[in-house]
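As written in TrEMBL, here are the features:
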- J:34: active site, thioimide intermediate (ACT_SITE)
- J:41: active site, proton donor (ACT_SITE)
- J:56, J:57, J:58, J:75, J:76: substrate binding site (BINDING)
Ligand SMILES: [Ca+2]
Ligand SMILES: [Ca+2]
Ligand SMILES: [Ca+2]
Ligand SMILES: [Ca+2]
Ligand SMILES: [Ca+2]
Ligand SMILES: [Ca+2]
Ligand SMILES: [Ca+2]
Ligand SMILES: [Ca+2]
Ligand SMILES: [Ca+2]
Ligand SMILES: [Ca+2]
Ligand SMILES: [Ca+2]
Ligand SMILES: [Ca+2]
Ligand SMILES: [Ca+2]
Ligand SMILES: [Ca+2]
Ligand SMILES: [Ca+2]
Ligand SMILES: [Ca+2]
């Protein structure tokens, strides 16, 4: 049976919960509809997070992204909503979503939103020379 | 009716005012006139801001940018003025404008100016490795 | 006295008329108005030609390009018209104009047109390995 | 009234029919559905043509591209079909369509198809050194 | 049931056999073993062909490529063999395979081989300026 | 005798243990199998570390990487496991591993994990202007 | 009357002295003479500064740069001297000069020097995610 | 004794006169003066030639290029003159000079000129796929 | 026993002598000595050939390249000599060698030489659109 | 008399010892021998330092680099040794050496080492927006 778009995000247990580590995901194929004109909008999504107990399952993430294909969505609102949905699904220690929308009217727009567990402390970044 | 250049910047309510997040806008088609020679100048504008109660509406931003097409403007002054106009329109928590002007006389000039609400504290930046 | 936009293209005598050689000129700052919407359009022009008795003078070329700033012009028509004006000014042995317009409606358009003296034979191109 | 996807391609009279010249159009936002899996496919279309009596109107081209959003389409078939539709709409002297599809299963596919009026002779290409 | 590596290449009928057109396929994940050292070799394959009655089916192509994972293969021989297998599977009008192998001993090697139906005449290439 | 894949990581004495310095290693040829589908996965590994008493020997590192060729491995788990194995082999003052996996299902995934000796203090980074 | 090289740097009043903002200037056409060999040296200069009461006037900056054309100058000394001259001319809150010299003897050299008003405090940099 | 700019071009005997082969030379440090304004102009020169009995000696070529530093020169004329001087010095079978001048007034200019021995036939170029 | 530099080029039988195909080899690590100054010179070699009965063995090619490390060699002469040695070793149907030397005195030099069997006809190149 | 490789590093007095400033030097032509195989190794060296009383003289640096041409050297050891030699020669306030070695066995290695005068405090870095 072919797969279907779905808002159900699935997760799997974090295999190394004792360690803060980074998962970065690039999704170049996000598309939704402009609520004003009804015409398609396109964006590349950049997600990065530190998992806590669970990680986002990639196939369900793909179906979730697909679910926006026929939905009207403003740039600022949809970026924050996708972040909220992902946070609700896996409650990461930290998560950042950057949505780079395609040019419209000669103007390029990017929206970036973050979530952080209130009690989580970002580890000191070691920069090697 | 065709649209017209206009100094009226319009805004819409920030859909996620409870969260500090970033909106980045690139405008590659800024042009004005050099006050000394009367000849056209060109620049790419890079705007980034953290909205407070309102966000800048993109179509009115385009008409605003258009309004400089027949106006004489020095690089340093016009960058600061555009920042001030945008701040007056939406009172962001933070806003930065970078204007990269095209080469003139073999010299490339860029001007960067910022605004910050006096009471606003930039959130600690989390850098994931 | 400051310079003015002008349709007058000036030329100077070709210093080596006995030799077919190439002059290439890139003009990244072309702008005109869209006849449908009245809004600004932008393009980069790429000109290449083999001069005959005269060469195009660069300062007058700059003023000529400037003269389109307030004029409505369709992509296809304006590219062919600029080529015709340049040909009328200097009657080159060969001339090609490529106009790369900025994205509009998510679509990028380029127009390329050529002129060739009926009696002129392009020299055999030597490609060194 | 908001615009709608449409298979109707509109044209306008070629402003310089006496000259063979090139129109190049890049459309980075093509999307359709995979007939096997039902999942979205994405491609960038590159069109280049020599117009005869008419040129393709860009806004109708955008709505035409949009019309594939909910249609199942194989890479090879859809590239040839779009070419045929564009040829039927404006009967160009020559037209080439290159469709660069996004990676699937670790494999990148591009399809290129051409049309040429039987009586049309491509002009000798002049390459300046 | 999970898929398996396989030397069986499958095809599907060419949807536009009346037209010479190009299919280009990039496969960045080819790996085999060096017959001298037994160690893994890696390459990116670039395939381009003009289909005749059938086209190569992509999923079977992926399994075919996979089948080299445990096989010893010299650069020159394996490039020619893959070309021959693909030609045997779909008898294209023309096919070219370029294999770009990863650096070994500080030296980068690429092998390019072609097949052409004896009776097939490459159509004249139209180069638009 | 040809070399064999091996999980044995060898080390050699750090020639400058009195100084914190950085060793960076890029390995573009990592491949394993997807535990769900059995199909090959590919990644580029980026390793950087501050050695303590020993450094990782490169030839054994190559054989170690090779040992994953026939093993099923999830992205998150295998990145953390390779880091743990390398830490067990040479107990570095600090080590970071970034694994950039090839696109799957239109999605690009990168995993980054770090180890740090509890007692080790990263030296202040001097940034010269 | 044609312009002349000159060591006289001119300034104009800073239009926004109440705000710390950045002016960046790239000058790709610096040339002087090597004091050892007498042969020409070439560099690209990158200047960035926070103006205080005055800004550097660009035309006089161009003539100033020109004044080094016939002067012998060592890389380290000339970079520091140009910085000192610019500081003397406009007393900026902060100024940095980076001079990237062309390759000589297979070696590429860059020199970077800074000035800072003793009483000036660099504003905290806000980095938006 | 330090070297001096000089118009004397020196040559050395072609070590393989029995074979047509290519010598390509890139000179990024050409500078002369604009005859109209007296200000410096800059260009990168690209020379390629098939030597006959002699080759151009590189050190004398460097001193020759240096000799333009204080000379007024128009773009078109100086490119043709340098070509003529080089041809006079070594009488190559074929020589092409491309001069890419730095942007002036927002316009980029390149001039390309060629020389060919009347009796010389360019060898057929073999293009390997 | 460690390997040694050697002028002995080894070959192996061409596995597909019935087909004209291309082998491309890039060697970024060529170094010799300048006969005038005794100082090291560096180049990247690009070799491409159509093998006849034998192919060049890569390990012996590496040792051959190594053999120039202590030898004085002029750019033009050494490029032609390496080509001649390779031709003598494997008598290819066609061979081209391009040597891109590192910058010296601000000047970049490349030398390209070719060999072709007198009786060999380059196959018509098929260019797919 | 031609120059010779030499371990003698020469210096000249720092012309601006009262100011902390940066000197960056890129040396793309480092080569030594692998102690295990005896075969040549290659690297690009990136040096940056804040001079104290003296600066490194470039010509002697070139001869110093040359002196490794016939010497066996491990990546980690030689990077630290070159740093130590340079520090011994000019006792800089701060010095960092990054050695990027060419790929070996499919693996790319970089080594970075630093020296800092015990009493020297890196100046606060001013980052302009
Ligand atoms: Ca996009
Ligand atoms: Ca913290
Ligand atoms: Ca611009
Ligand atoms: Ca443009
Ligand atoms: Ca002809
Ligand atoms: Ca795409
Ligand atoms: Ca590869
Ligand atoms: Ca034919
Ligand atoms: Ca990869
Ligand atoms: Ca610390
Ligand atoms: Ca430079
Ligand atoms: Ca401070
Ligand atoms: Ca230049
Ligand atoms: Ca000929
Ligand atoms: Ca090189
Ligand atoms: Ca290197």
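Quick reminder: no glycine exception, Cβ is built from N, Cα and C everywhere.
Those TrEMBL annotations? Automatic predictions, nothing curated.
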Integer Cα-Cα distance in angstrom, residue J:57 (substrate binding site) to residue J:34 (active site, thioimide intermediate): 28
Fewest-neighbour residue among binding-site residues, criterion Cβ within 10 Å, set J:56, J:58: J:58
Cα separation, residue J:41 (active site, proton donor) to residue J:56 (substrate binding site) (Å, whole number): 25
Listed recorded positions (J:41, J:57, J:76), ranked by Cβ neighbours within 10 Å, top entry: J:41
Number of other Cβ atoms within 10 Å of the Cβ of residue J:75 (substrate binding site) across all protein chains: 21
From J:34, J:58, J:75: recorded positions whose CA lies within 10 A of residue J:41 (active site, proton donor): J:34, J:75
Count of other CB atoms lying within 10 Å of the CB belonging to residue J:34 (active site, thioimide intermediate): 15
Nearest recorded site to residue J:34 (active site, thioimide intermediate) by CA-CA distance, among binding-site residues J:58, J:75, J:76: J:75
Short-range recorded positions relative to chain F, from J:34, J:41, J:57, J:58, with Cβ separation under 8 Å: none
Among the substrate-binding set J:56, J:57, J:58, J:75, J:76, as the record gives it, the longest Cα-Cα distance in Å: 25
Mapped DSSP class for residue J:56 (substrate binding site), helix or strand or coil: strand
Interface-proximal recorded positions, chain G, C-beta separation under 8 A, candidates J:34, J:57, J:58, J:75, J:76: J:58
For residue J:76 (substrate binding site): DSSP state (helix, strand, coil): helix
